[in-house]
Amino acid sequence: MPIVTLPDGSQKTFDSPITVMQLAESIGTGLAKACVAGKIDGVPVDTADVIEHDAEVSILTPRDQEGLEIIRHSCAHLVGHAVKQLYPDAKMAIGPVIDDGFYYDIDFGQSVSPEDLEAIEKRMKVLIDHEYEVIREYVTKEQALATFIDRDEPYKQEIVEGIADGETVRLYHHEEYIDMCRGPHVPNTRHLKAFKLTKLAGAYWRGDANKPMLTRIYGTAWADKKALKTYLKRLEEAEKRDHRKLARKLDFFHMQEEAPGMVFWHPRGWTLWQTVEQYMRGVYKDSGYQEIRCPQIMDVSLWQKSGHWDNYAENMFFTESEKREYALKPMNCPGHVQVFNSGLRSYRELPVRYGEFGGCHRNEPSGALHGIMRVRAFTQDDGHVFCTEEQIEPEVTAFHRQALAVYRDFGFDDIAVKIALRPEKRLGSDDNWDRAEEALRNALSRCDVEWEELPGEGAFYGPKIEYHMRDCLGREWQVGTMQVDFMMPTRLGAQYVAEDGSRQAPVMLHRAIVGSMERFIGILIEHYAGSMPLWLSPLQAVVLNITDAQREYAESVTQRLQKSGLRVKTDLRNEKIGFKIREHTLQKIPYLLVVGDKEVEAGAVAVRTRSGEDLGSLSVDALIARLQEEGV
C-alpha cells in the first residue's frame, strides 16, 4: 500500500503499486494528458515506472523545465527514427539535450544539404501524427550489443562496449527504430509537435579530430507552438545580430583559413578593442593592480611544474628550438608567479595584485571555433592576487562589487552568479578544496548575493565564482571568474616571509572580469546589434558637407571635435547628401553632422542621429558639450 506524497504536501494511498501515469490519471484527466514523465523521490522516471513504496512523487509536464528537456531528448530520438526511414544506411551516434534544444550526430556517408534537413523535418511530422507509444525495454549489455550489431550501428556498439559488465541498458522503441538512453522519454509522440530543425554542422566523433567527421543536426522543441514561435523569432533576431555578419558590415575584423581561430582586426574594430582595454586598464588602476607583461612562449618544464602539462596538454600548442621544447601559454598564471618570485616578499606587502592583458593560445577543436566567441588566440583582462588565507574573503568581496560595476557600465544589469566546485580530475587535498570553496561562499554571503552551485565544474587547480551576463535576447554568457588556488603557488615555489619569520606559500586568486576580450567584444556587438553606445563607438560622428563650398568649414569642425577627444572623421565625397547620410546610418555611426551654407554662416552643424532623429542646429561648442557628457 504505497502512500504517495505530492508536491503540495497532500497524500494519496493506493492498495497496490501503481505507475506514474496511473497516479496522474487518479489526479485528473488533464494532468494525465499532459504528463510526459515523473519524479520519484527526486529521480526523473518514465510514466511506465512503478511506485512500489511510500515516496514523494511529482508529475512532469511540458510546463516544467525538466519536462521540456525530456521532450527535447525524445525529439532527438525522433530525428533518428526519421533519418533511418529516409537514409537506411546512416549510422547513428549520439543525440543529447542542449540549451533550448537538442542535436543528433549522424554518419550519413554522404554530404547532407538544407533540402535533406527539410525532408527529415517533414518525416518527423508524419511520425508525430502517428501518435505512437514510445516503448522502453530493459536489456543486458550483451543483448544491447547484439541489437546494435544486428542493426549495423558501429557508434552505438562502441558506446555499449564502454558500459560496465552486468549493467542494465535501456532501449527505447519508436516503432521499428530502436535507440539507447538512460531516459526518461515521453510516452507518446503526440507530445513532440512543437519542434523545429534549425541547422546542420560538422562534428568529430567523440570530439577527436582523428575520428570520423559526422553530420550534426540541431533542433529545438518547446511546450507548445506559441513558445516555439517566440523562440524562433528570437533566433531570427539573433541571426540578424550575428557578430560575424555585423563585423563584415561594419568593417571591424575578419578571419581566414590561413589562421583558424585567430582574428585580423581592422582599424575600427581595433579602436573598439582599445576602448575596452583602456577602460579595463582604469579598472586595474582603481583596484590596486600593477600591470605587468609576461612571455608568450615558455619552456615546458614550467608547465610541468604548474600542473598544466598533466591536466591541459591536449589544449596547448608546442614548439621546439635548439633541442628545447616550449609551449605557447594557454593561461597567464604561471608567468605571474614568476614575477612574484623575482624577489622575497614580506607579509606586510600582501596582498600583491598583478594585472595583464595577456595573450593566450589554446588548441581548440576546429569544429568548436565560432567567430570571435570561440578562438585559438585570445587576450584576457587577467589578474592574480597573492594573499594570505585571511585576505581571501575581503579580496573576493571587493572583486565581486567591482565586477558588477563594470558590467553595469557596459550595459548589463542581469548577472547570475555561480560557484563551480571541485572536478573529478584535480590537484590538491580535499581539505584545501573544502577551505577554498567555503571562502568563496562566505565572500558572496557578505555581499548578500544569491548563487547557484555547479558540482564538478571547477578548474583542476581550484573552485571559482562565475559571472553569467544575460543579454537583450535573454541569452546567458559566462564572462568573469574569481578562482581560489592553494596549489599553484606551492608547485611553483612562491613564498613570503610570515610575521613569525617563517616562509609560507601565499594563496593565489585568479580573476578576470570580461574574460576573453575577443569574446566580450563579440557579446557587445550582438547585444547592441552593432549600435554601440557613444563611448564605445569606434567612430562617434561624421561631418558631411553638402557641396564643395563647405569643405574647409567641415574640416575645421572635424579638427575641433577631434581636439576635444572625440572620434570623428569628415566625408567630403562628391555624393548627394542623402546618399552619404544613408551610408553612414547603415554603418551605425551615432551622430551625422551635416554642414551647408546656413551652418557655415551660423558656425553650427545640423545634427542627426543614427536612429533618424533630427536634433536641429547646434553650435560646435554645444555639440562638443553634448557628446562629451553622453560619452562619459
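Every residue, even glycine, has its Cβ placed from backbone N, Cα and C.
Taken verbatim from Swiss-Prot:
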| type | residues | note |
| --- | --- | --- |
| BINDING | Cys333, His384, His510 | Zn(2+) binding site |
| DOMAIN | 1-61 | domain 'TGS' |
| REGION | 242-533 | region 'Catalytic' |
Handout entry: All-chain count of other Cβ atoms within 10 Å of His510 (Zn(2+) binding site)
Key = 22
Exercise for the section: Pop the mean pLDDT for the domain 'TGS' (1-61) in here, whole number is fine. Expected result: 92
Fill in the blank from the handout: Using a 10 Å radius on the Cβ of His384 (Zn(2+) binding site), the other Cβ atoms enclosed count 28
Exercise for the section: For the recorded Zn(2+) site, whose residues are Cys333, His384, His510, find every other residue on that chain with a C-beta no more than 8 angstroms from the centre of their C-beta atoms, and list them by sequence position. Expected result: Met331, Asn332, His336, Val337, Asp382, Gly383, Gln483, Asp485, Met488, Met508, Leu509, Arg511
